[in-house]
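> I'd like to ask you about the structure that follows.
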Amino acid sequence: MTISQRTAAILVAAGRGLRAGTGGPKQYRAIGGRTVIHRALAAFSEHPDVAVVQPVVNPDDIDVFNAAVSGLRHEVPAHGGATRQASVLAGLEALVPHRPDIVLIHDAARPFVTSAVISRAIQAAGKTGAAIPVVPVTDTIKEVTASGDIIATPERAKLRIAQTPQTFKFEVILEAHRRAARDGLTEFTDDAAIAEWAGLTVATFEGDVANMKLTTPEDFVREEARLAAQLGDIRTGTGYDVHAFGEGDHVWLCGLRVPHSKGFLAHSDGDVGLHALVDAILGALADGDIGSHFPPSDMKWKGASSDQFLKYAIERVTARGGRVANLEVTMICERPKIGPLRDQMRARIAEISGVDISRIAVKATTSERLGFTGREEGIAATASATIRLPWSA
């Protein structure tokens with residue numbers, strides 16, 4: 001049996017994250033252009049040696065969870081409990097039908113876990129049966145009284161900071177959690193503590209200082225700055241598209257169905273705004289153009305909605321570890337009038353792309369009655385896209 005056939009992971013994501021400030025549960029907040037939970041879940045769902053990924057979420061968050069992790073491999077979420085410990089037990093019980101040998105238990109609030117740490121976790125569990133990732137303590141630690149007076153200075157060389165994923169033989173940690181629940185012990189703060197209480201020896205392995213837990217607003221600010229510093233390859237691409245009018249009673253523009261006296265002559269839905277944006281993004285990536293990715297000769301794209309083209313282009317950026325810094329599109333036409341629809345178009349582009357609306361501009365102009373747009377024979381659009389990539393991409 002291969003490692004990938006017997007290893008499961010639990011992603012604990014049922015907390016409310018109140019200390020992280022406003023904006024909802026911290027696991028659904030964006031950092032570096034992706035939600036925290038998407039980053040954490042992707043690390044496990046994309047790891048070749050993890051066969052089953054079991055999320056545990058608050059039942060009130062099912063819809064937002066599904067939207068945040070769309071496209072990633074995972075099981076149907078288990079419903080979390082009142083404490084982290086209860087949520088982990090729910091995840092373990094959900095894994096029983098899968099009969100894994102090893103389980104990795106990870107906090108969704110640690111979105112920067114690497115494939116290397118996950119691999120070390122799997123190897124450690126196979127050797128010892130129970131192990132956790134740790135990093136050295138670099139500050140001097142003081143033990144204090146309730147009033148704040150120092151009573152001891154622990155020897156720093158013996159101290160370690162515990163991280164996740166904490167990894168165990170599945171049946172062993174399942175039984176330990178069940179025993180703790182039966183005994184009414186509900187306040188363990190991590191799974192290693194439960195294993196210790198159950199009499200298990202818990203080993204350690206090398207963690208990663210970047211695998212930090214996001215807890216406070218300051219954590220988000222610091223990590224946003226760190227991620228931005230890594231994306232030093234700043235690129236800008238441009239795009240252009242045009243479609244002639246034909247029979248019809250509406251046109252698609254920037255993802256909106258706009259009533260009009262004519263329709264577009266086009267292979268897909270003819271959305272010139274989104275097509276220009278897609279070309280701009282692909283140009284910034286030096287990754288061809290919309291025609292090379294979605295050839296008009298392919299009947300698969302006949303009448304296709306252009307929102308899928310924009311999502312695809314954004315995914316190409318994300319796949320290279322990048323993020324979109326700005327999207328701008330200018331519509332060139334006499335009619336329909338773009339001004340009244342500008343904010344709706346920005347909102348729709350934001351919805352499709354996942355880019356914050358503050359980074360999206362929609363503009364409009366005419367050709368002063370000159371040329372085919374002036375004669376109202378069609379609509380043109382120009383676009384630009386600025387993206388940030390790591391230099392290695």
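The backbone N, Cα and C atoms fix where each Cβ goes, and this holds for glycine too.
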> Same divalent metal cation site as ASP241, HIS243 according to Swiss-Prot: which of HIS177, HIS267, HIS275, HIS293?
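So the divalent metal cation site in Swiss-Prot includes ASP241, HIS243 plus, from the candidates HIS177, HIS267, HIS275, HIS293, HIS275.
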> Spatially speaking, which of the recorded positions ARG156, LYS213, ASP241 is closest to SER268 (4-CDP-2-C-methyl-D-erythritol 2-phosphate binding site)? Use C-alpha to C-alpha, please.
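Nearest candidate: ASP241.
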> Between HIS243, SER268, THR366, which of the recorded positions has its C-beta surrounded by the fewest other C-beta atoms within 10 Å?
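So among HIS243, SER268, THR366, the recorded positions given, the one with the fewest Cβ atoms within 10 Å is THR366.
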> Please name the residue among the recorded positions ARG156, HIS275 whose C-beta has the most neighbouring C-beta atoms within 10 angstroms.
HIS275
> What's the CA-CA gap between SER367 (4-CDP-2-C-methyl-D-erythritol 2-phosphate binding site) and ASP241 (divalent metal cation binding site) in angstrom, rounded?
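If we compare the Cα positions of SER367 (4-CDP-2-C-methyl-D-erythritol 2-phosphate binding site) and ASP241 (divalent metal cation binding site), the gap is 15 Å.
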> Can you tell me the CA-to-CA distance separating ARG156 (site 'Positions MEP for the nucleophilic attack') and HIS243 (divalent metal cation binding site), as a whole number of Å?
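Given the Cα positions, ARG156 (site 'Positions MEP for the nucleophilic attack') is 69 Å from HIS243 (divalent metal cation binding site).
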